[in-house]
Amino acid sequence: MANSQRKILVTSALPYANGPIHLGHMLEYIQTDIWSRFQKLRGHECHYICADDAHGTPIMLKAQQLGIEPEEMIAQVNKEHQQDFADFNIKFDNFHSTHSVENRELSGEIYLKLRDAGFIKTRTISQLFDPEKSMFLPDRFVKGTCPKCKSEDQYGDNCDNCGATYNPTDLIDPKSAVSGATPVMKDSEHFFFDLPAFENMLSEWTRSGAIQDEIANKLAEWFEQGLQQWDISRDAPYFGFEIPDAPGKYFYVWLDAPIGYMGSFKNLCDRREDLNFDDFWSKDSTAEVYHFIGKDIVNFHSLFWPAMLEGAGYRKPTSVFAHGYVTVNGAKMSKSKGTFIKARTYLDNLDPEYLRYYYAAKLSNRIDDLDLNLEDFAQRVNSDLVGKLVNLASRTAGFISKRFDGKLAKIADTTLEETFLAKQEVIADLYENREFGKAMREIMALADIANAYVADAAPWQLIKDEAKQDEAHQVCSNALNLFRILVTYLKPVLPKLADDVEAFLQFPLTWDNLGADLAGHEIAKFKALMQRIDMKNIEAIIEASKDNLQATTEAAPEKKAKKSAETADVAVDTRSPLESDPISDEISFDDFAKLDLRIARIAKAEHVPEANKLLKLQLDLGGETKQVFAGIKSAYAPEDLEGKLTVMVANLAPRKMRFGMSEGMVLAAGPGNKDLWILEPHEGAQPGMRVK
């Protein structure tokens, strides 16, 4: 057990109640569940709570499309979400809904405290209004032509093509996405939360270590531009909570959504006599509160939410942990390619523990995106879990049952056990700091040691020699003891496997009994614990996830189908980068072969005071360091680059600049200014590797 018991409340971001869970969502819930299970394994009081985010215009409109009431729809979605989570072995202490009595009461209470303290302001604003549906239109429910690049069919807040942000009123030829009608301008009184009043507190809190440095650096832009009052109201019709003393006005979904953390925990406390809500949420609480979220919602959790809590007299979160997005096979999830995979589709074909392990093996405490490479996924699971971990037991357990009455021997040489136990605090620290990938590497390195031990000892040979029965008994018992330690270390990641191993070993796997002496202990007969992934199962997932594009083609016959790549050129999308920056003239392979492209880690990045566009980078090639001046200052802060892997031209002739010598070039994509992205290789790549 850990030195002293901590009181911890941990949350994941609330899934929106208008659709199913997919594998992009699952990253966060798996990450949080692993961390929560680890805390409990260490003996801490840890409560993992969540809820469906059940309010807002999208839910109201989706229910209308289905011809049912929003309450009916969110109840059905809640049931589906809970089943998906349960089948992925996500163990919430409570999963609730923001459309609850507890959340209504807490939202009203917090709002009134903010209002009475002078933090709520009102003013009249003009918004686009759908005259056919008699409703004001949120940003994402207005579409039109981008005022910057003139791309059609863009949302009312930003352009998917050029990345520009703007107001819905800036769109050219705007249309309601609800009815197709041309919206009109209409005035309405709105309620605003006075976020600027908390600027000093937020400036200090965001630099206190409560959030990752990358996030703090990003939020610095908000402070540089000056915090603005936050619109927290929406007009009827709207599915949500009506604002106290304001008929026809509703809380914006992002006001009551984070309060849903409190509402879900209040619901749990009301059902348990041993839990007190104020112990975790009062201003003077000594408990720890952690939020796991995606990097796309950091502004809500790291600015608006702590300010609301501060203004209403509650404690702020201990930390907010953000993670990156999930890509599949190096690209954004795609319905047409079958890589937009729903949790249920995955569960119909593969063991959830496979994905839990793969995500854990690639997760760090940074906000880098995680790529689910499906071939690598199969290879890593088959190699690590089946080939290394489970194989350790399958190669030795049968001998214990058949030759030694199922009983383990007293281990004479405990050298290996001591090596394994010496890693427990290293592994614990990695779990604690959310460095799951590093923890998995430590554990698999131990698995390699154990397998090498068994291979060298060859109990299948020893067992044939009557004079070496004791030695065979020792080897098999030692191997199973090492296997027990490994599975205990992996228990937060692989809870179902751990349950099965506990049944097989007939012994509980806890952190406290890692060093237990199992001499004379009887185990059950070994049964297969895990099967290898067959690529046919992955192919089945992809096929089941593909959209039926035939209907789309038939519904729009006036749109010509693209010609076969074998018979004609593929037309260039007018919004494609190829349109403005065509492919260069062909070069010979010999010309290309002259380039020496290498993986490099950005060891250090710093500003060049004399240059407006350059950053000075120290690139580690795994034994050699090169200095490069890169024109990426408009897109990156130096601190956001340090530690990242990238690709560089390593054999470019050094170029003397007035700031110093540049010894190569890093590769980046994009048109320029803020739209630049350095190339980041798969995390399996190592500094110094050649790109070929």
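Even glycines carry a Cβ here, placed using N, Cα and C.
Segment annotation: Swiss-Prot labels region 'Disordered' over residues 552-577 (candidates 136-161, 552-577).
From the options 62-66, 217-221, 332-336, 392-396, the stretch Swiss-Prot describes as motif ''KMSKS' region' is 332-336. Looking at 15-25, 169-179, 466-476, the range annotated in Swiss-Prot as motif ''HIGH' region' turns out to be 15-25.
Sequence-distant neighbours of Cys162 (Zn(2+) binding site) (same chain, six or more apart, CB under 8 Å from its CB) are Cys146, Lys148, Cys149, Ser151, listed in sequence order. Just so you know, the Cβ of Cys149 (Zn(2+) binding site) picks up 13 other Cβ atoms within 10 Å once every protein chain is counted. Close to the recorded Zn(2+) site, the chain also has Pro147, Lys148, Lys150, Ser151, Gln154, Asp160, Asn161, Gly163, Ala164: residues not among Cys146, Cys149, Cys159, Cys162 whose Cβ is within 8 Å of the site's Cβ mean position.
Calculated from their C-alpha atoms, the gap between Lys335 (ATP binding site) and Cys159 (Zn(2+) binding site) amounts to 21 Å. Taking the Cβ of Cys159 (Zn(2+) binding site) as reference, residues of its chain lying under 8 Å away and at least six apart in sequence are, in sequence order, Cys146, Lys148, Cys149, Ser151, Thr165, Tyr166. In this structure, the binding-site residues under consideration are Cys146, Lys335, and the one with the smallest number of other Cβ atoms within 10 Å of its Cβ is Lys335. Secondary structure of the motif ''KMSKS' region' (332-336) per DSSP, as helix, strand and coil residue counts: 0 helix, 0 strand, 5 coil.
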